[in-house]
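Taken from Swiss-Prot as is:
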- Asp625: active site, proton acceptor (ACT_SITE)
- Ile508, Gly509, Val510, Gly511, Ala512, Phe513, Gly514, Lys515, Val516, Lys531: ATP binding site (BINDING)
- 42-70: coiled coil (COILED)
- 439-470: coiled coil (COILED)
- 115-125: compositional bias 'Low complexity' (COMPBIAS)
- 168-181: compositional bias 'Low complexity' (COMPBIAS)
- 392-404: compositional bias 'Pro residues' (COMPBIAS)
- 502-807: domain 'Protein kinase' (DOMAIN)
- 808-874: domain 'AGC-kinase C-terminal' (DOMAIN)
Amino acid sequence: MRPAAPGTTPNGASSDIRHQRGVAPIPFGSTNSAIDAHHNSEIRVGRHRAKLDEIRESLKAYEHEAGLLSSHVALGSLATPSSSSVSHSDITNDNAEVMNFSSSSSNAAATTTTVSSAAVSNSNSFRTEGGGHKMRITPMPQRHLMMDTGANETVFRSGKEMIRNGNPSTTISSTPSTTTEESIRIHPAGYRYDMPTPAYHMNNNAPQYSPGYSRPPPPAYDSSPVNTRMTPVATDNYRTHLHMKVHPVVKAPPPNPTMLNHNKNMAPPPPPPAKSTISIETMSEERKADNIQRLYHTSMDKKTASSVVSINVASPHTTKVNVGDSPLPSKSFIIGPRYTADVDRKNFVNYKDELRPDPRLIPSTSDANHEDFRPILFKPRNLEITMKSRAQPPPPQYNQPSEPPPKRVSSPIDRTLLEPYIKNTRRVQPCKPNMLRFYMEQHVERLLQQYKEREKRMKQLEKEMVSAQLPDIMRNKMLGLLQQKESKYTRLRRQKMSKSHFTVISHIGVGAFGKVSLVRKNDTRKVYAMKSLEKADVIMKQQAAHVKAERDILAEADSPWIVRLFFSFQDDACLYFIMEYVPGGDMMTLLIQKGIFEEDLARFYIAELACAIEYVHNVGFIHRDLKPDNILIDQHGHIKLTDFGLCTGLRWTHDRRYYGPENDHHRVDSFSLPPEVAAIDKSVKVLNVRQQTRRITAHSLVGTGNYMAPEVIAKTGHNQSCDWWSTGVILYEMVFGRVPFHDDTPGGTQHRIKNWRNFLDFTYCGNLSKECLMMIQQLICDASSRLGSHGKDVAERTAQVKNHPWFRGIDWVNLRKLRADYIYIPRVTHDEDTSNFETFQDNDRADKPNVRGLHNPAFYEFTYRHFFDTDSVGCPSLRPSRRRSLRPLLENGTFNESVSEEDSSSHI
């Protein structure tokens, strides 16, 4: 070995550099232990940036000495003494590990021992205590194999050599080697890396071994970050990350004598574990239970209670984790495919060197993300285990051409798509339990209603096909078309609508809560009547229940007597009803024009009004606001009912008390007994009472003053017969030209209605028939004797009205097809004609909408789309003919061009 160059220290560093850094040079005659002590105390790799230049010079000297030693070994001038040994208890594995070798003879010749050690390869220089000669420790050719001895020990076999319990079974051959360091590196089959290197755990004496692939020598600590290489990661199928930490066992408090006496028959608690053993095993379905491959094994005692082991296990098979606490039996945990980011390896001791040579056991390369960890139950008190894994493409076969690794992304969702989602989710605010219950009740009711409507359409189609005597092939075809229509309707209901989809043509009406406008749909160019209600006014005047009832009856209505609803939607300020446009005007406008109707014309309108009321009652509603303003006339002179703003369906969603104040919704009558019933018998079931009574009466004061029934004003309870009172008042106004109980003073009209016997005047009746006067008297009377109030069902009660002598000769079946000279036919030139309405200019309020009305749960389930909205028109009465019959097609193969004179509005 050549002497140290002048101006250099024994470790190869320049004395000038040491003086520049303010460090005193080390004497050349210092012993190896003193030098190592000084080296460990002064030079700490990666700690003091001021030492970087010194370390660089040391590494250069180290490389120069390695070349000389290689030449010296080639000449065979050195031999390894048989008495040389390596003390594993003196080996530590830190950022730089130093090994002390002792020789049995101080005068022995300088020798070089060849030991495969990753820790030694990271050291800068080594010296012997005796002759002062340097010892170059180079890796030796070893191919590590693994076997289980059954005693939780890892045994490695290297040809004819074996290392057991940290002691070499045979000494290293002293035969001179003529091979250089570069020529003895091993490249195991199936691995891309070179130089297998055993390592040593710093916390115990058992040797630990690194993977079959080796890492290149560590780069200079002052090198550029670009040259810094991370630990390579092999391609894996299921990557499971295990994070294990052992805590010191907390001593239990002194036992309580009372508890000891109480639990004297119980077994004493086990002693605190002196050691925690962690092992990781993998099993495949092809292998048996007795052929388990152990990937990792380590032991940690009390001295290393704060140490942490963090590894990754990559295996397509089941992986088992055995955690044993001596003297307790071991426990097993099955690793599931859970994903987590890898933990930063800088947090753990000997992280790189505790890995077995197996491609399924790979190091961690990502940053720490402790929030994703999930602890496993039933673990020892002093051991923490957290794990997760993620699925990855299967690893390529080494005997086949390897494919490029898959591209890994940090997040499966693009940031541009994720930001709007996060922004919108912040707008979601928690709600009160009553509000959630309110929404769920309405939502479930709407789902049930949609199911009933779908079944109804199916039965109606089957009934029509039976009446048309269609063959089975045609029936199946029609049923298939209906299913396609149902699917399309389901998709249409999910599409959100807004006011921007329509263009306002003119405003034709105004009410207490909103206005009515003639609009045109932008995509179909069809004309509709749009009724808009301001949410703030609806909430302030407590009309949410009435709006809900109006929406329900318009959505459920399937009759030519009712104005059809096509869409309903809402925005932050208003509720919108998109309805059928009836261009003939209303009955009030006609009364103003004519003054008094002829008896035949009055009979015709009252007969059609009776049919409309019958339909409303059949679907379970009460209009409660019948007046000439709410009776529209189509272009053929027939009537349609509209404005169901005060309608009630005798349902809990139509009860104003159910809505209550905002965010405080209580169904006061849904699951509670009436006071009079509860006082009689408390054992009566709620459902039985609700089924029997079915909300027979209502108690709210509604309707227009001149047409209200006396029981409505007195709040004694009213039922469907109140609509027949309003019918009698309308008939009186038609034939007499005035309302019967009008008074100009406030409250005078209600006083006259309550005392109707004193104020009902039949003078100046003109040429009215006795039957007409009798009809008025039997409608404007007490509810007990009123027409339409007796009978078990709606049909029987309505028959009392239809069978009156005044209606003798009325064809109730073909009433809507009636064409007569006395029928008023409004003048309509085109579908956007508004000459029969009084138009006005819109004066929209510029005020911001009331915040209380924006997210009020009273408007849940308000959106609606008609089933036939795709093939219907805004003004159905303008359609020239009804749908063609399929019978001529089946009989003659062609359609019959002739169509009957049937009103097409009933076929939309």
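Cβ coordinates come from backbone N, Cα and C, glycine included.
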Cβ-based isolation winner (fewest other Cβ atoms within 10 Å) among the recorded positions Ile508, Val510, Val516, Asp625: Val510
DSSP state at Val510 (ATP binding site), helix/strand/coil: strand
Nonlocal residues around Gly514 (ATP binding site), in sequence order (Cβ under 8 Å, 6 or more apart): Lys531, Ser532, Leu533, Glu534, Asp537, Cys574, Leu575
Segment confidence, the domain 'AGC-kinase C-terminal' (808-874), expressed as mean pLDDT: 70
Euclidean distance between Cα atoms of the residue listed as 'active site, proton acceptor' and Ile508 (ATP binding site), Å: 20
Asp625 (active site, proton acceptor) and Val516 (ATP binding site), distance between Cα atoms, whole Å: 18
Conformational class of Val516 (ATP binding site) under the three-state DSSP mapping: strand
Cα-to-Cα gap, Val510 (ATP binding site) vs Asp625 (active site, proton acceptor), nearest whole Å: 16
Asp625 (active site, proton acceptor) in three-state DSSP notation: coil
